[in-house]
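Undergrad: Quick paste from TrEMBL:
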TRANSMEM  15-35  transmembrane segment
DOMAIN    43-348  domain 'Plant heme peroxidase family profile'
DISULFID  CYS53-CYS132  disulfide bond
SITE      ARG80  site 'Transition state stabilizer'
ACT_SITE  HIS84  active site, proton acceptor
BINDING   ASP85, VAL88, GLY90, ASP92, SER94, GLU106  Ca(2+) 1 binding site
DISULFID  CYS86-CYS91  disulfide bond
DISULFID  CYS138-CYS344  disulfide bond
BINDING   HIS210  heme b binding site
DISULFID  CYS217-CYS255  disulfide bond
Amino acid sequence: STGRRAMASAVPLPVMLFVGVAVMLVGSGAGAAGVRGGRRQGQLRVGFYDKSCPAAERIVGDYVRQHVRRVPTVAPALLRTHYHDCFVRGCDGSILLNSTAAGAAEKDAPPNLSLRGFDLVDRVKGLVEEACPGVVSCADVLALAARDAVAAIGGPSWRVPTGRRDGTVSTMQDAVRELPSPSMTFPQLVALFAGKGLDVRDLVWLSGAHTIGIAHCSSFADRLYSYPAAGNGNGTGAVPPLDAAYAANLRQRKCRMGGPDAAVEMDPGSYLTFDLGYYHTVLKHRALFRSDAALVTDAAARADIAGVVASPPEVFFQVFARSMARLGAVQVMTGSQGEIRKHCAVVNS
C-alpha cells in the first residue's frame, strides 16, 4: 500500500537538473534503428508520445507529485521498483506482472516481497488509458513515475526517453538470479552491472539511491551478528565492518536478536531527503549493506565518493540523473516487440 508510513513534514521543492543524454539501447535485442509506423526502432527518444498521447507525461507527473506530497515514502518505493524492473529482463514492466498458475512472477521473488507502489502504477496507468487507450506502455509509466517521484521529494529530474514496450514474461527465477544482493562484493557488483551495460561509476551513483528509504534488520543481520572483522577498506578488497559504536546501537535499539524485523533508515536522519548523507554514511563505515560498504574497497570508487561529498549537492544530482537515464535504457523492447498492456498486472488476452 502506498499509504504506509505517511510523513507529515514538508518536502522541499525539486531541484530541476535536466540532463540531456542521447540514450541508445544497451544490450537490446531490438536490432538496427529504423522507422516503422512512425516509430523509431532500436532506440528510445524523448517526446515519443508528443503526438500519440501528448498528455501522458503530465498525467503521470501530476498524480505522482500529489501522492508524494501526502506520502513521501512513495518516492523510494517507486524508484526501487523501477530499479528492480530494469535489472531483470530489462526495463519492460515485467516486475508489475502477477504470478499465474503457470509460474511465480518476479514480484513474488524474495528480493521483491518488500516492493511497494504497484497499486499506484496501476492507477496512473488507468488514467493514461482513459486519455489514450492502448498507446503508453506500463514500462514507460513506471520509468516516468520513478523520475517524477525523485523530483517531488527534492531530488533531481532528468529527461526520460520513452518508447518502451511491455514484456510478457516474468519469472521468480530470473529475479533471484539477476538482482544485486546486499551481500555482494565489489567485483561481483561490477560484473553484474557490466552485464547490463553499466559501468563502475553507474554502480557508485545508482547506489546513491539509498539516500532515501529504509532497510529491514534481516537484510543486514550478517553485518551485526556474524560478520567477521575484515580489513579496514584500505584498498585490500576486504569489506570493512560496520562502525562498532553504530553496530552496538543498532543491536540495542533496533535489531535485537530474536526481535521483530524492524525498519532502519538507510541514511539516518534524512532518509526522505535526497542528499549526500548516504555517501557520508559509506565513508564513516555506517552503510547497512555489505554491498554499500564494498564501495570503499575500490580506490577509484572511493575517490569518486570523496569527490562528490566535497562538491555541491547539484553535482551528485547531475551524475545520478545521468546514470538513471542509462539504467532506464537497459535491454528495452521497442517498435513491434512485446506489447502495450492495458492492465499492468496481466498480459493482454
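Yeah, the Cβs are placed from backbone N, Cα and C, and that goes for glycine too.
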Undergrad: How big is the gap, in Å, between the Cα of CYS217 (disulfide bond) and that of HIS210 (heme b binding site), rounded to a whole number?
TA: 15
Undergrad: Starting from HIS84 (active site, proton acceptor), work out which of the recorded positions listed here (GLY90, CYS91, ASP92) have their Cα within 10 Å, and give them in sequence order.
TA: GLY90, CYS91
Undergrad: Taking the Cβ of VAL88 (Ca(2+) 1 binding site) as the centre, count every other Cβ atom within 10 Å, in any protein chain shown.
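TA: Its Cβ shell of radius 10 Å holds 27 other Cβ atoms.
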Undergrad: Would you list, in sequence order, the recorded positions among CYS53, ARG80, CYS132, HIS210, CYS255, CYS344 whose CA lies within 10 Å of the CA of SER94 (Ca(2+) 1 binding site)?
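TA: Hits: CYS344.
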Undergrad: Across the domain 'Plant heme peroxidase family profile' (43-348), what is the average pLDDT of the model, as a whole number?
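TA: Mean pLDDT for the domain 'Plant heme peroxidase family profile' (43-348): 95.
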Undergrad: Under a criterion of Cβ-Cβ distance under 8 Å and sequence separation of at least 6, what residues of the same chain contact CYS91 (disulfide bond)?
TA: HIS82, ASP85, ALA139, LEU142, ALA143, ARG164, LEU327, GLY328, ALA329, VAL330, GLN331, VAL332
Undergrad: Around the recorded Ca(2+) 1 site, report the further residues of that chain (criterion: Cβ within 8 Å of the mean position of the Cβ atoms of ASP85, VAL88, GLY90, ASP92, SER94, GLU106; site residues excluded), sequence-ordered.
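TA: Apart from the listed residues, the neighbours are HIS84, CYS86, PHE87, ARG89, CYS91, GLY93, ILE95, GLY167, SER170, ASP174.
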